[in-house]
Amino acid sequence: MKFTVTSRGDNVSNALQQRIKTYLVEFGLTFDDENPEIVITVGGDGTLLHAFHTYKHRLEDTSFVGIHTGHLGFYADWMPEEVEKLVIHIAKTPFQIVEYPLLEVVLRHYGENKSERLLALNECTVKSPEESLVCNVEIKGEKFETFRGDGLCISTPSGSTAYNKALGGAILHPSLACIQLAEMASINNRVYRTVGSPLVLPQHHTCLLKPQNYVKLQITIDHFSWSHQKVKSIQCRVAEEKIKFARFRPFPFWKRVRESFIGD
Ligand code: NAP
């Protein structure tokens with residue numbers, strides 16, 4: 001099997017990366033960071049986000065597993081002291097695959113015929129740094145509301161524990177093929193009105209955001225951020241593609257939620 005190991009870049013993660021690489025080569029696996037069948041990330045959830053974007057062109061043939069060199073994470077759910085156990089699992093046992101939904105974002109610009117298609121593992125956010133964002137929200141082709149406020153966040157179920165949670169969005173189990181739209185500080189008074197609650201949209205319900213005030217927008221996809229001047233629309237829906245995680249033991253999602261946010 002072909003593998004690669006990525007690192008957050010700190011000394012602890014780099015040392016662990018080297019150890020894992022040496023172990024797996026000794027076990028007869030092939031190091032290949034061009035076309036890996038399994039990607040092992042060492043660092044945190046952010047490190048796995050980076051690895052996802054590096055290998056998102058080959059999601060069909062690649063599985064991910066994350067080791068956390070800080071506290072336990074959602075994508076990185078193995079601890080450094082478990083590395084030997086994990087390496088033996090990878091080398092010796094066929095692993096189970098768990099698939100999580102992704103978000104597809106299609107950006108269209110005024111004056112351009114071609115669109116840009118992007119994939120997010122956590123979320124896409126749309127903000128207008130210079131003044132309030134004014135944005136029509138259409139769901140399944142029908143106008144739902146005009147949003148005024150700081151911005152909007154459209155997240156995947158596995159991204160629901162990240163930025164979405166800080167916005168008061170619900171935590172969604174990643175077995176649900178859906179996306180969540182959460183508001184950032186909407187203006188609500190007698191003139192302006194939004195629904196005020198996060199919305200969860202099932203597969204094939206497309207959400208179209210149409211900015212109305214032609215200002216510069218800040219659009220993020222996971223850890224990437226771009227400024228855009230002439231955005232006509234941002235189309236969001238559950239992607240056809242999924243991310244595959246290699247699972248070697250059960251680690252229920254709600255247990256991860258409890259351990260991350262509540263503790264013992
Ligand atoms: P960062 O600002 O360095 O770290 C963001 C934090 O979010 C890290 O602690 C990271 O965990 C954690 N995280 C990432 N994905 C997560 C998930 N699915 N569930 C729970 N926690 C998660 O940025 P980054 O490492 O490049 O990650 C980019 C992400 O930061 C974005 O996708 C967004 O979700 C998140 N973010 C959150 C807020 C907020 O909560 N107000 C604001 C901006 C961005 P690790 O320490 O394990 O890497």
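Placement of Cβ uses the backbone N, Cα and C atoms for every residue, glycine included.
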Among Ala185, Ala239, Ala246, find me the residue TrEMBL lists at the same NAD(+) site as Asp45, Gly46, His50, Asn122, Glu123, Arg148, Asp150.
Ala185
Note down the number of other Cβ atoms within 10 Å of the Cβ of Ala185 (NAD(+) binding site), including every protein chain shown.
12
Could you check which of the binding-site residues His50, Arg148, Asp150, Ala185 have their CB within less than 6 A of ligand 1?
none
Cβ contacts of Asp150 (NAD(+) binding site) (under 8 Å, same chain, 6 or more positions away):
Lys127, Ser128, Ser132, Leu133, Met184, Ala185, Ser186
In Å, rounded, how far does the Cα of Glu123 (NAD(+) binding site) sit from the Cα of Asp45 (active site, proton acceptor)?
13
